[in-house]
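Input: one structure, supplied below.
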Amino acid sequence: MSTESVLELQRRYHEERERITDAVVKEILVKKSSLKENINSEHRMKMLLERHNEVSAQLLELYEDKDGARKEEIQALSGPNEFAEFYSRMRAIKEFHRRHPNEISVPMSVEFMEWDKLRENPSDEANLVDFSGEEGYGRYLDLHECYLKYINLRGIEKLDYISYLETFDQLFDIPRERKNAEYLSYLDALVTYFVEYVGKVRPLLDLNKELDEVTKDFEKQWASGSFPGWSKENKEPQASANDGEHLDLSPFNTWEELASLGLDRLKSALVALGLKCGGTLEERAQRLFYTKGKSLSEIDAGLFAKTKAKNRGKDELKMKDIAFTEAKEWRHAHGMRCLGIPNTAHFANVTDIEDAMRLWEKLKGQKNDERWKPEQEEEYEDSQGNVVNKKTYDDLKRQGLL
């Protein structure tokens, strides 16, 4: 009713709180025979608890009585003119029903009776949560989107979906140099999926509290240098004056991403290529990123470090160039095998998948055109000595012209 008083609102909110509490207790006591019933029950309890909190907040606001309306109403009911107030409210109620003769008041108990029906007949209840078909209403994970992101990371070993499910949580096995902006995007998608999934499967779990505890544990491990995959013992080896460690540049899209590896790792990679390894962090990152996708012979000679052992340097450059070419050829051949295309000389400089598929279709068309076609190329001689192909000969023969 639109003319509901403050005290009547308080009474109704108290009644609603009691009914909600009773519904939650019944929900806890009822026996669930399946995972779906358990998930639906927890979601019903979550809705009831959220509603209980909202009603409690509104009730508290009425008791605080910041506008003084509750105090005025109590004074009017308990003052010297209480009968006048009573009849005034009665007239207001009659006037309301006169203006709204078809108004139907549904008792609060009816709504909670519907909750009882859902609880007692779970088989008749619709799905309360939106799961994908692969998730089986909370039984399994559906990591297909995360899997597609993972296998498209540069420099990451390609796995089938089943193998990915067995190892996706072993993030510490992924080398540090692979953990760039692209990897961070994949990681964000993985975390987002699990946060949403846990919210659907265990809606009553205080996820913020769990995440806070995980964060505190992470901060402790990070401060002590014992976090898996980033421990001090597994720190990237530093470059020496005469040695270095090669770095796969394919996962890096900008020199800024390379700079995140630090001075020592960049120096190690530059030394491994025989390049100058001095300068600031930015200079080293830019110098190393310049070599991406290039063979040693294509790199500016001014970037190479001067060494006293010139003959050894030439041999090393030659060997590194060969190794680089072999590695590139192996990746190219592996990619061609995955596409089901023979790795012939036609595809030597083709790096794009769509270009390779178009060229393969073109080559197949050419091969079909070059293939010997008996009906067109097999020759016959008629009774007059004319040479015709097989198709023409058969047509003339059927018409009785030979």
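Using N, Cα and C of the backbone, Cβ positions are placed for all residues, glycine too.
Whatever TrEMBL says is automated annotation, not expert-curated.
Bear in mind that the values here come from a model prediction, so they are computed numbers and not experimental data.
Just lifted these from TrEMBL, have a look:
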DOMAIN    76-102  domain 'Splicing factor SF3a60 binding'
DOMAIN    131-179  domain 'SF3A3'
DOMAIN    226-306  domain 'SDE2/SF3A3 SAP'
DOMAIN    328-402  domain 'Splicing factor SF3a60 /Prp9 subunit C-terminal'
COMPBIAS  365-375  compositional bias 'Basic and acidic residues'
REGION    365-402  region 'Disordered'
COMPBIAS  391-402  compositional bias 'Basic and acidic residues'
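Describe the structural context of each listed feature in the structure shown, including burial, neighbouring residues and relevant distances.
The DSSP breakdown of the domain 'Splicing factor SF3a60 binding' (76-102) into helical (H, G, I), extended (E, B) and coil residues amounts to 21 helix, 0 strand, 6 coil.
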Within the domain 'Splicing factor SF3a60 binding' (76-102) only, compute the mean pLDDT.
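It averages 80.
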Just to be sure I understand, if DSSP states are collapsed into helix, strand and coil, how many residues of the compositional bias 'Basic and acidic residues' (391-402) fall in each?
8 helix, 0 strand, 4 coil
Can you break down the domain 'SF3A3' (131-179) into helix, strand and coil residue counts using DSSP?
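Going through the domain 'SF3A3' (131-179) residue by residue, I get 21 helix, 0 strand, 28 coil.
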